[in-house]
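Q: If you scroll down you'll find the structure; I have some questions about it.
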Amino acid sequence: MKLYVEDEEGDAVWVKATLPRPPEQYEPGLVVDAVVRGRPMSVKLPAEEMYQQEGLDMENCDDLCDLGHVHEASILDTIQERAHCSKPYTAAGDVVVAVNPFRWLKLYTPELRALHSAPPNSYEERRAAHCYSVSGAAARGAARGDDQSILVSGESGSGKTETVKIMLVHLADVARHGGATQQIITQVLRAGPLLESFGNAATLRNGNSSRFAKFLRIEFDRRTMALESSWCETALLEKTRVVERAKGERAFHVFYELLQQRRRRTPKYLPEHPCRSADASATKARGFDDRQSYPKMIESLETVCQLDEAEREALLHCVDAVLSLGEVQFDSVYARTEDHGCKVRNALDLTQAANALGCDHSLLEEGFLRRTVGTSTTSLSAEQAADARDALAKELYSRLFDRVVELSNATTKRQWALQQTESVVIGMLDLFGFEFYGAAGSTNGFEQLLINFANERLQQRFVADVLARAQRELLAEGVPWTRVDYQDNAQVLRLIEARGGLVDILNEECIRGGSGADANFVGKLLRTYTGDILSTPKIRITQAGEALPFKIMHYAGDVLYRCTDTASWVERNRDVLPAKLVEAMTTPAGPASPGGSANVASPVAVFGAAEARQAALQRKQRRQSGQRALRRGSQVNAAETVASKFRAQLKNLMHQIAATKCRYVRCIRPNDEAAPMGQAGSFDRIAVVEQLRCCGVLAALRVARAGYPDRKPLRAFVERFAVCLPGDGRSSTLKRCRDAANAAGLGDFDASLDGLAVTDDVDAPTAQDLREGEDEDLVLDRAVVAAALPWRKACEDILRCLERGGRKGALAKHPALKPGRVFVGKTKVFLRDGALDDIERVRAVVCFDLAARLQAHGRGYLGKKYYRKVLRALLIVACALRVKLARRRAAKRRRLVKAISCFQARWRGIDIRMVGYLQLAKAAALTIQTKIARPEVARRRCILVRDLRARGENLDSITKRLNRIAMEKAGSIPKASNQRGSAVARAASMGTRSGSGGSISGTEKAELEGEANAMRELAGEASKALEEIRAENAELREKARLLALDVEAEKEKGRKWQQREQVLAAVVDEARREATKATAAMHRHMADSAALAGASEANDAYARFRRKLLRHSDSMTPAMRSKLLEQKRPTQKVTITRADLARFVNDCQTVGLDVVKHNRKGKAERRLLKLTSDAAALYWTMPNGKAASSKERFYLHKCLELRAGHDVDPDARNKLICGTETLRKSLQAKHCKLAFSFIFADRTVDISFATVEDCKRSMRYFKAHVQDLKNKADHAVMLKDEQHIASTPVGKNGAF
């Protein structure tokens, strides 16, 4: 048995122990024998069984709920292990535990901020714990409309301030993505460092400790999550630190920043300056020294407060004025033996202080040296005057700090009158840590009590939210639950703030005036309260009249408080400034110096404005309570004391926090020396475990392991998630539930649940009441439960729908909700961690689907409307286009008709002219023939006839002779026998006339020749005109023919282009099909390039490896591919002949190979490896030749790859070069050094050989044989493809 036991020797708190003989029954306190740190010893069993974690990686345990055994020791070990591995954040349910690493880690990147801003998915891997998860959850809760609060708590120096700044940067990043302006984001981020300069200081435990309580409220737009405004509420500034502090501590940072910048002499208020240890601590905590922080402070005043140079100087002059007050010193004045008051040691110091303050010199001196009570005036001693001076310095700095906060809020806070959008608020609380001083010379005083009181209230808030309220609600709602015990601090709160408690007793002493004393206060307190919560040391040494020390048992430990003369609780609680000093600070003097001008930020102006506001507030409060107004500085009312104001402010703050969803970050200080994590002694287990016990992490973890971090009222759950119901169930379910609630008269039954909330009253039920079941709020009103029944049924319907999922629609797009993650109570729904985000994600999918449908209908309607509009427009455009085209066609037709008409007219004119020219030519020819040719012929004939007659021939012979001559020339001379008045007849008649004694005279001959010449000219002109007409006619005919040819050519070209497009389309389709077939064939026949004869085994392996890389080249870089190819490049060549291969195959078929076969579990078995009769497949037989139990056949042509388990290099002989995971396991298990495996698609066959040579030879032959079988198979497939292609018919244009 392995347990944790208490460490009685060292400081480990808990140590691991092994019990060799564990007891039969576990008994707390039983002494048993165990082995601790390797040594046997006797140990005592702890009160709780603390088993050790077995098989759990604590370093990667992001949530303590994942621990198998949840107890203090396992939590402490887990946090320590993660802290040493630079993982300071660990989740404990909804609470994040943050260990201060005291150094900056690379855990705050924009990628992590974006990751934690998105909602987590229960189906994805769990995210690492981070403070961003808290701020991201707050941002998502604010986006749902719920106000959020982030409470960061822990001891001083645990890193609360830095954690708040880190989460603030995350929220600013969320706001930046939401559309916020860069200016307001910058102002919000820079307001924090500004308040650090004025409100933080270096203490013994922390170099940048917040000395005031700060509640930062950031306002976002609910719809866009854009940052709209922010404001800071402060309380309980430790103004005493201005005048006094513990040794080794510093005052506020702003004093030292001014001193480093202005190099002035050391003021008396800062006697420890320079204190190197405190300065170094502050520099380490802030990350920069005082000289570097001064420009940042000035820039913040300019950016955040929007002050110009004069206003900044006036504001910083107030700090100088506070330091100048410390220079005023007092000496006692003695007259004989009596004390007659005091005087100012150096009048120049008082004058400079009055000038720096801007007040009247005489009034300031009067306020320091004398005090008026009623009508009497008394002189003050030197100590009393110094107290008055210190009181003025503290009050002035307090009001200066309030002024800086007011200026910062005035810039970043939005006016309520200007709000136009619905907004949500995220609050971030940065409270000073729990403090107690136990060192010599240190005293826990009034300020420490108030600081611890605030931490007690914060612890109560944590207990109420995480423990008490959760259990009370679960029990009241009927949720199956086992009560968890936890540490309750209600009794301490009753002691401090209840009626008649510590604050009231202290106020009574303050009201008594001069008779009030610390001794009376402590005496009344001890008489009123007795018990373990309040006690006083048994051995105490006090002087006469000195108050007794008392001890209060706080949740973080016992603290001993003391009341001393220098730190009187009554005086500090009164915090009353003398009336003379108030009068001096409200009466400005003339501008005696540049610092004394009446500026808005001058000391007098700051003090006077604050005094006026405080007086108005007091008058209002007294008027409401019916009391008489008191003069400032005369006496104090119980409601005006410091403790009463702080109690009221704290109660108001807790009420604001109670109205929000609280999220917690518990900061842990791992060591007191601020040593960075990773160094020796950087994790003090005792200090860490005390902090874990105080903050209640263990109880919160137990609640979170079985709890429900998210819960919603039934009405809110149904109204938000009823949209997930299918069909009409959404509206009908809401209507049914609302009608039932209204009919019962409890429509808004959620308001009745307010009784279950843990109030901020100290009389709230304690853990003891809860354990005993005496809380009346555990019983709900029956009417409320009855009115909630319809809503509860609706919730159950919604959950059934979410758990069942959907086969179609939006629910089918998201996995079903796992059962048991949501429990429906009587009035609320309780959800386990992550369930709300999953349901929200389903709702978002459903809403998106419904919105898509609505948008589809809307877009459909708009589309149809737009379609009709476009259709009408298209009709109008089409009509206009048709009109335009018709007009264009008509104009073209008119132009064509006009052209054709012109052509026809010209053609007809040409034709007509040609006909007229022919007639003219014919007439001209007849004229020529009649007047020239025929007369000439006739004349010749007449001469011939005359000659013939003269020879004595008669008329008949002459006629015959002429006819014969005419017949001989009939082919060239046209017949004119049918013409009237032919030449023969005329010649005959002329011959007759001439024979009868007549002849042609010369005059006639000349006339005939003139007519003949005229006819010749006329015939020539007619022939020329005829030729021109014929040429023009031919030209026109040629143009018409060419135009007709062009038209036919264009038509033919158009037909050819259409045919070509069709052919090209068919060719492209066919080419695509052919390319697809060719690609498939190429992939199938890629192995044909390496023939078996002469092919190298190494080259084939390299080629296959190269092809595999090319197939997967998209998933790797070129450099990686080149590197792998270079590594796999063959180094030598091996040739295998076909005869050797045949001999090897024959041996494998007949004899087989003696191998060791490895199954999937890595078990090695001796077998004979054989080939089938066709040498195509592998199978196994037993060594004796019997058939093996497995009848499987492994066909070698389906083998994807052969992987070798050795290399030719002798140095690498005992190394596994490559192989599957199964092969590696088998080799490691059975120590087989030489092996190779057949890689198939569905499994891997691993075998081993005895020697290197057997393995190499078998590997070589098997590769050749497998390649041969693959080539044959590919060749057969190629032949089938060719036969298929050859048998496929080919159509036209090459199409199949």
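For all residues, glycine too, the Cβ spot is worked out from N, Cα and C.
From TrEMBL, for reference:
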| type | residues | note |
| --- | --- | --- |
| DOMAIN | 59-844 | domain 'Myosin motor' |
| BINDING | GLY154, GLU155, SER156, GLY157, SER158, GLY159, LYS160, THR161 | ATP binding site |
| REGION | 976-1003 | region 'Disordered' |
| COILED | 1012-1053 | coiled coil |
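Walk me through the surroundings of each of these features.
A: Around LYS160 (ATP binding site), taking its Cβ as the centre, 28 other Cβ atoms fall within 10 Å, counting all chains.
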Q: Taking residues 6+ outside the coiled coil (1012-1053), which of them lie with a CB under 8 Å of any CB in it?
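A: Same-chain contacts beyond the flanks: 903, 906-907, 910, 913-914, 917-918, 920-921, 924-925, 927-928, 931-932, 935-936.
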Q: Within 8 Å of the centroid of the Cβ atoms of GLY154, GLU155, SER156, GLY157, SER158, GLY159, LYS160, THR161, which other residues of that chain place their own Cβ, given that this set defines the recorded ATP site?
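A: Near the ATP site, the remaining chain residues are ASN100, ASN206, SER209, GLY433, CYS667, ARG669.
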Q: Near the Cβ of GLY157 (ATP binding site), how many other Cβ atoms are there if near means within 10 Å?
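A: Here the count is 25.
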Q: Quick one: of SER156, SER158, THR161, which of the binding-site residues has the smallest count of other CB atoms within 10 A?
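A: It is SER156 that, of the binding-site residues SER156, SER158, THR161, has the fewest other Cβ atoms within 10 Å.
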Q: Looking only at the domain 'Myosin motor' (59-844), report the model's average pLDDT.
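A: Averaged over the domain 'Myosin motor' (59-844), per-residue pLDDT gives 78.
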Q: Please give me the CB contact count at 10 A for GLY159 (ATP binding site), counting all chains in the structure.
A: 27
Q: In sequence order, which residues at least six apart in the same chain have a CB under 8 Å from the CB of GLY154 (ATP binding site)?
A: ALA98, LYS160, GLY433, ARG666, CYS667, ILE668, ARG669, GLN691, CYS695
Q: Within 10 Å of the Cβ of GLU155 (ATP binding site), how many other Cβ atoms are there?
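A: I count 26 other Cβ atoms within 10 Å of it.
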